[in-house]
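Engineer: Before anything else, here's the structure in question.
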Amino acid sequence: MGAIVAIVGRPNVGKSTFFNRLIRRREAIVDAVSGVTRDRHYGKSDWNGKEFSLIDTGGYVLGSDDIFEKEIDKQVELAIGEADAIIFMVDVESGVTGMDEDVAKLLRKVNKPVFLAVNKVDNAQRMADAVEFYALGLGEYYNLSSINGSGTGELLDALVEVLPDVKEEESELPRFAVVGRPNAGKSSFINALIGEDRYIVTDIAGTTRDSIDTRYNQFGFEFNLVDTAGIRRKSKVKEDLEFYSVMRSIRAIEHCDVCILMLDATRGFDGQVENIFWLAQRNNKGIVILVNKWDLVEKDTNSVKEYTAMIKEAISPFEDVPILFISVMTKQRIYKAIETAVDVYKNRSKKVVTRKLNDIMLPIIENTPPPAYKGKYVKIKFCTQLPTPYPQFAFFCNLPQYVRDPYKRFLENKLREHFDFTGVPITIFMRKK
Ligand code: GDP
Ligand code: GDP
């Protein structure tokens with residue numbers, strides 16, 4: 001799991017400029033590997049060896065150009081609920097505004113670390129001007145120029161200092177998170193599994209979110225359900241807030257091993273569902289896709305096939321993911337869904353013995369070597385699975401930089417053919433031998 005840092009502030013203070021500066025380098029690498037279009041408002045960053053997720057909350061609020069104060073308040077409240085630390089960005093060019101004061105008022109009440117970042121401090125004169133932000137009552141602030149990068153180091157030093165240590169949580173039990181758009185049927189699903197009463201017992205309003213697991217043990221399955229606090233809060237928060245569901249998904253995905261992605265069959269695998277899918281994929285989580293409310297769909301013999309094909313097109317090239325058609329209402333296949341999630345969990349923690357891996361992969365590579373690149377021939381001599389919590393493979397060769405993405409995908413496909421990694425993202429590294 002990783003810590004979550006949210007950037008809040010009114011429009012045009014420079015949030016996305018700052019966000020891009022922090023994640024660009026990393027994301028460029030990720031994009032090259034996966035070929036996936038990235039979410040422009042959510043990404044991973046790291047500083048001094050500590051990794052964290054960064055969310056530009058402004059990016060998730062629709063119409064952020066003519067945004068209303070109410071929207072900003074909502075944004076800040078959600079960020080407070082879901083993030084481990086908050087960067088509150090203001091703009092030295094415009095000075096303290098009424099909206100800044102409103103946000104500061106909310107943030108002063110929070111018992112999470114808040115970092116006031118005064119942006120656009122591009123020169124010494126502006127450094128003097130920044131002093132006025134003391135008036136916000138948030139204590140020390142950080143001078144920043146997101147455009148030229150100055151001040152970033154000081155801010156990040158202080159930030160990572162307060163973040164919890166990032167490590168994969170150790171638990172013998174699989175950790176599942178049920179995610180998806182509002183109204184997909186997530187809470188009905190969880191209630192069907194756990195029973196309403198049991199669920200309410202764990203609902204202690206206003207407690208911190210440190211323990212977000214609900215242990216489930218029935219019918220031979222045992223696992224932890226991760227972060228469903230958002231569902232419990234349903235009565236208080238208007239659930240049609242897409243932003244809210246994104247924030248909640250991020251939190252839940254960060255903390256789980258397998259993501260149970262649920263969609264409403266009558267609404268389809270739309271852009272929002274796809275975003276959540278790639279969120280899970282980029283976090284190297286296992287994924288099971290559940291097409292719920294199958295009872296509402298008029299079916300013929302090809303329905304499942306056609307629906308499956310449509311989803312696979314959206315999630316290509318990572319198509320090796322289980323897709324189940326269920327109905328929480330009629331309880332159709334809901335236990336099968338959990339069984340599948342357990343299988344994916346096992347695939348994710350699978351370790352292939354090095355010798356067996358080489359016995360299978362080296363002949364394949366010999367038959368179909370990487371194509372020559374700039375007249376150079378790449379020789380892959382050896383491969384091994386890395387001792388990471390999720391599947392990563394290193395292929396050792398003479399010229400790692402000459403192995404292109406299509407060949408890596410070829411290797412990935414061969415791995416999937418010979419070892420069951422269904423539902424699990426695979427990372428392939430080429431290393432210098
Ligand atoms: P957001 O709406 O908060 O995400 O703000 P943007 O990142 O889109 O930035 C708004 C405007 O401020 C853009 O024109 C940026 O180029 C500009 N800007 C961002 N950071 C700085 C900075 O450090 N210095 C100056 N002078 N301009 C900046
Ligand atoms: P959530 O927002 O994802 O937690 O969704 P809910 O569990 O609150 O479900 C939203 C609505 O869909 C409720 O009215 C449920 O009764 C309904 N629903 C859930 N699962 C099914 C299903 O399998 N079939 C049908 N027809 N309705 C369902």
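Including glycine, each Cβ sits where the backbone N, Cα and C put it.
Those TrEMBL annotations? Automatic predictions, nothing curated.
Heads up, here are the entries from TrEMBL:
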- 3-167: domain 'EngA-type G' (DOMAIN)
- 9-16, 56-60, 119-122: GTP 1 binding site (BINDING)
- 174-349: domain 'EngA-type G' (DOMAIN)
- 180-187, 227-231, 292-295: GTP 2 binding site (BINDING)
Engineer: If I take the alpha carbons of Thr57 (GTP 1 binding site) and Gly180 (GTP 2 binding site), what is the distance between them in whole Å?
Structural biologist: 19
Engineer: Given the binding-site residues Lys15, Thr57, Gly180, Lys186, Trp294, return the subset with CB under 6 A from an atom of ligand 1, ordered by sequence, or none if empty.
Structural biologist: Lys15
Engineer: Check the binding-site residues Gly9, Asn12, Val121, Asn183, Lys186 for any whose Cβ is under 6 angstroms from an atom of ligand 2, and report them in sequence order.
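Structural biologist: Among the binding-site residues listed, those whose Cβ sits under 6 Å from ligand 2 are Asn183, Lys186.
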Engineer: Taking the Cβ of Gly9 (GTP 1 binding site) as the centre, count every other Cβ atom within 10 Å, in any protein chain shown.
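Structural biologist: So the Cβ neighbour count for Gly9 (GTP 1 binding site) comes to 27.
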Engineer: Rounded to a whole angstrom, what is the C-alpha distance between Trp294 (GTP 2 binding site) and Lys15 (GTP 1 binding site)?
Structural biologist: 41
Engineer: Given the binding-site residues Asn12, Trp294, which one has the fewest other C-beta atoms within 10 angstroms of its C-beta?
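Structural biologist: Each of the binding-site residues Asn12, Trp294 was scored by Cβ atoms within 10 Å; lowest is Asn12.
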Engineer: I'd like to know which of the binding-site residues Thr57, Asn183 has the most other Cβ atoms within 10 Å of its Cβ.
Structural biologist: Thr57
Engineer: Measure from the Cβ of Val121 (GTP 1 binding site) and count the other Cβ atoms within 10 Å, all protein chains considered.
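Structural biologist: Val121 (GTP 1 binding site): 25 neighbouring Cβ atoms within 10 Å.
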